[in-house]
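Below is one structure; the comments refer to it alone.
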Amino acid sequence: MNHKVLLINGPNLNLLGRREPSVYGHQTLADIVATLSEQAQAAGVELEHIQSNAEFELINAIHATDAQMIIINPAAFTHTSVALRDALLGVDIPFFEVHLSNVHAREPFRHHSYLSDKAIGVICGFGAQGYEFALAAAIKRLKA
């Protein structure tokens with residue numbers, strides 16, 4: 001069986017590397033995706049990636065995917081998007097939620113997530129390495 005993971009990155013993550021590096025780090029999104037692609041390839045898993053600032057594009061990608069696992073950094077949509085939550089529940093694909101920063105150590109409005117209670121797990125505060133942790137966990141579950 002071919003295993004596939006869909007990696008979703010939400011709004012403003014295209015600015016990684018130059019947007020508030022003290023919070024989000026210096027790596028670009030392209031750097032992060034390249035590292036994850038190598039990790040996935042080494043495990044024999046296909047990695048599909050989408051980044052969008054438009055909620056509907058992320059929802060359409062969720063609806064269209066044939067992946068068996070999703071890793072999502074919903075970014076600002078974490079705190080606002082019931083539609084993204086409904087899309088994930090609608091396709092019934094297990095997912096991990098990832099955040100570069102520790103959202104619980106930031107402004108109170110960032111503490112609430114519409115996705116966390118439905119995620120397999122939530123990884124936050126480890127910077128770009130959080131994606132690697134999520135992918136390792138996804139691969140382990142896919143290969144179990």
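Keep in mind that glycine also has a Cβ here, set from the backbone N, Cα and C atoms.
According to Swiss-Prot, the protein carries these features:
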- Y24: active site, proton acceptor (ACT_SITE)
- H99: active site, proton donor (ACT_SITE)
- N73, H79, D86, L100, S101, R110: substrate binding site (BINDING)
- R19: site 'Transition state stabilizer' (SITE)
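Set side by side, the recorded positions R19, H79, H99 differ in how many other CB atoms lie within 10 angstroms of their CB, and the most is found at H99. Annotation for the binding-site residues N73, S101: lowest Cβ count within 10 Å of the residue's own Cβ, S101. Recorded residues R19 (site 'Transition state stabilizer') and L100 (substrate binding site) have their alpha carbons 12 Å apart, per Cα-Cα distance. If you count neighbouring Cβ atoms within 10 Å for each of the recorded positions Y24, D86, L100, the highest count belongs to L100. Rounded to a whole number, the distance between the Cα atoms of the residue listed as 'active site, proton acceptor' and N73 (substrate binding site) is 12 Å.
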